[in-house]
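Asks: Mind looking over this structure? Questions follow.
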2 protein chains.
Amino acid sequence: MTGLRYKAKIIYDGTHFSGYQIQPDERTVQGDLEKVLTKIAKGENVRVHGAGRTDAGVHARGQIIHFDFPFDIDPVGLMTGMNSGTTSEITILDMERVDDSFHARYLAKGKKYTYRVDNNRFRDPFLRHYSHHHRYPMTREKVEQALKQLVGRHDFTSFASTHSDKEDKVRTIYQASVKVDEDTNEWVFTFVGNGFLYNMIRILMGTLLQVADGRREPEEIKEIIAARDREAAGPTLSPSGLCMETVYYDTEDIPGYHKEG
Amino acid sequence: MTGLRYKAKIIYDGTHFSGYQIQPDERTVQGDLEKVLTKIAKGENVRVHGAGRTDAGVHARGQIIHFDFPFDIDPVGLMTGMNSGTTSEITILDMERVDDSFHARYLAKGKKYTYRVDNNRFRDPFLRHYSHHHRYPMTREKVEQALKQLVGRHDFTSFASTHSDKEDKVRTIYQASVKVDEDTNEWVFTFVGNGFLYNMIRILMGTLLQVADGRREPEEIKEIIAARDREAAGPTLSPSGLCMETVYYDTEDIPGYHKEG
């Protein structure tokens, strides 16, 4: 069945979901979205396509979806209906009708993710689902030196899960930066790239925290990339710190694209 | 039993607690704290006294407690033990030994609370436990006019729960202000006073949102105060937006004290 194609932005708190992608007997974001859409479509199945498949516990502020709806319905009305039908863990924004050629995943040119680290000695209760807790003192200058070495086009085999099914492990990182919130002691890392391998940001972060607290030197990042060996990098950090912020469909919109692209 | 007196600051996410104060068959912050302290004290009961009794769903970034511990133990070690023994919803900070005359509640000279309002059209999933959702457009200038009228020494009968057990309903508000986070559309209200009646801030907020979205005029605040009638004020807003930020034990530390005091 085809129908009218709709695109929307989705915000979700991933804490209590088994990830984005639909799975039997698991609660997923895609599953919740399809359930409410199928209900609004009076029982006709609606399949939802997301720009990226976030893992269990990973959040999104700017996941993009598209789907074909079986009948003509006002985008704002559809968005309001979806927001009424989903729990307060998911919010649907910016719904619009798009051309049939639009595809949330295939046409994505880049993505922005953040990864948050709670650097308080004792975990901040308000950050517990949205940050990775790391209690050791961290040196910002060293972190920034390490981040610089990640920017560019590299084979990121060392930073990919061994379960990754992608053959080609070359990706471009356009921007890698960190901001520190002095009030809450939260470090917010931002990564912009043309794509990220499975677990890539969580493994990058496991390695960056080793640099941050002095267990590794910033210069080692280059060697780790060159090794093309998952064993060379640090551990995979928890999903809770990770958030999909933006999906780019136009390279003009990607921060740092012209510098590196 | 007496012992050495300890004071500490407590941060908690109140979402899944039936409030601060201990109650049979309910999970409370005081209950969780006493359980872990009694365990560290090898079974001797330890009673915890908090500066204020927050309701179910209300949060704290700066609740102050004191308790008498049956034996001599290093404050930092005791704090670390308590943090290990409580869930990630509670964090204990700044533990210190204090004089036996210190009392967290009786000696409090003032308190600062915040109340957060999510003013997005559709609720932000990340704010759902920490903000009250109000989807209607709000006018900041009107809110600020209303807030000004609350500052000072007033009989707040109109803004007290009819279940309030306090005879004297006169309180002084030293500061009442609002900040708007343009990124998240969150309005953060701050109230500093010498004390607050039961549900007072939540009823003030129910009334202020009526001013904010145009259902009432700012000038009505004066009339509502003068009425000394709970019926004259707005509804009691949800507990989720409320957070106890600071307890003051020295009037020198209270913002706005000298101006109003």
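Backbone N, Cα and C atoms are what each Cβ position is placed from, and that goes for glycine too.
So TrEMBL says this about it:
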type: DOMAIN; residues: A:11-106; note: domain 'Pseudouridine synthase I TruA alpha/beta'
type: ACT_SITE; residues: A:Asp55; note: active site, nucleophile
type: BINDING; residues: A:Tyr113; note: substrate binding site
type: DOMAIN; residues: A:146-250; note: domain 'Pseudouridine synthase I TruA alpha/beta'
Asks: Cα-Cα separation of A:Asp55 (active site, nucleophile) and the residue listed as 'substrate binding site', in Å?
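Replies: Answer for this pair: 13 Å between alpha carbons.
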Asks: When a 10 Å sphere is centred on the Cβ of the residue listed as 'active site, nucleophile', how many other Cβ atoms does it contain?
Replies: 16
Asks: Inside 10 Å of the Cβ of A:Tyr113 (substrate binding site), count up the other Cβ atoms and send me the figure.
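Replies: The answer is 27.
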Asks: Determine the mean pLDDT over the domain 'Pseudouridine synthase I TruA alpha/beta' (A:146-250), rounding to the nearest whole number.
Replies: 96
Asks: Going by DSSP assignments with H, G and I as helix and E and B as strand, what are the residue counts for the domain 'Pseudouridine synthase I TruA alpha/beta' (A:11-106)?
Replies: 26 helix, 24 strand, 46 coil
Asks: From the DSSP assignment alone, can you count helix, strand and coil residues within the domain 'Pseudouridine synthase I TruA alpha/beta' (A:146-250)?
Replies: 35 helix, 31 strand, 39 coil
